[in-house]
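Notes follow once the structure below has been shown.
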Ligand SMILES: O=C[C@H](O)[C@@H](O)CC(=O)C(=O)O
Ligand SMILES: [Zn+2]
């Protein structure tokens, strides 16, 4: 077995008010997402979302089923979204090869049986993945950055100038619940998702990358009038329950991947919070 997926239960916002730094990190932060020749991650009880990393170095890694699923194959009742944050690599789905360059995505529909992740021929392959329960099977599809629906938001003056690349969204690829994309901050801009928002219909997970060794992102979570923060480094992910804002400010610019699942596939379904209303 090269796969290790650990279970995390949901948290009530009234309970989270009493979490200290370590407890907050234990429940929401995912620190070591890429481990050599391993598939690791978290099975969250927030919408049964799985967040993880795949790091093939010396051998190809097959997507194994895990105990939590009680299914013969990982994707028997699930869909999978992958974004490559490392060197170019190849993913084989039931015998078909998909070449994934850096920052390219692959959607794999439920029912796929044999999924194999290959090492990169030009560096290290780091495949970040999210998975959600699926009620039907949609076709597997590669989504490059050119295929993304792009939205430019913010401004240099507000330190939040960024481009949102919607990769796995219903205008680009059919999915049951899963939505994923990648937001790139312009040099000099440090704030993501400000003004912040919640969306009670969906949970979300963020994964920060393109950060220098010495840089950090302060990630904000919690109910809008009861916020907390988690200091994060490169290649770390964080869970955001439906009741929580999810926003960050970095010591430099960075890129991050967002992924969501829940009640609808409406990216714009957000309840925005004015910065002056946050507590
Ligand atoms: O629900 C949507 C997600 O939180 C992100 O797409 C927000 C984001 O990338 C940003 O504003 O920078
Ligand atoms: Zn959101």
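Cβ coordinates come from backbone N, Cα and C, glycine included.
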Field: Candidate sharing the Zn(2+) site with 197, 199, 204 (per TrEMBL), from 161, 229, 235, 246
entry: 246
Task: Would you list the other residues of this chain near Zn(2+) - those whose C-beta lies within 8 angstroms of the C-beta centroid of 197, 199, 204, 246 - in sequence order?
output: 193, 196, 198, 202, 240, 244, 245, 260, 270
- request: Would you count the other CB atoms within 10 A of the CB of residue 199 (Zn(2+) binding site), including those on all shown protein chains?
  value: 21
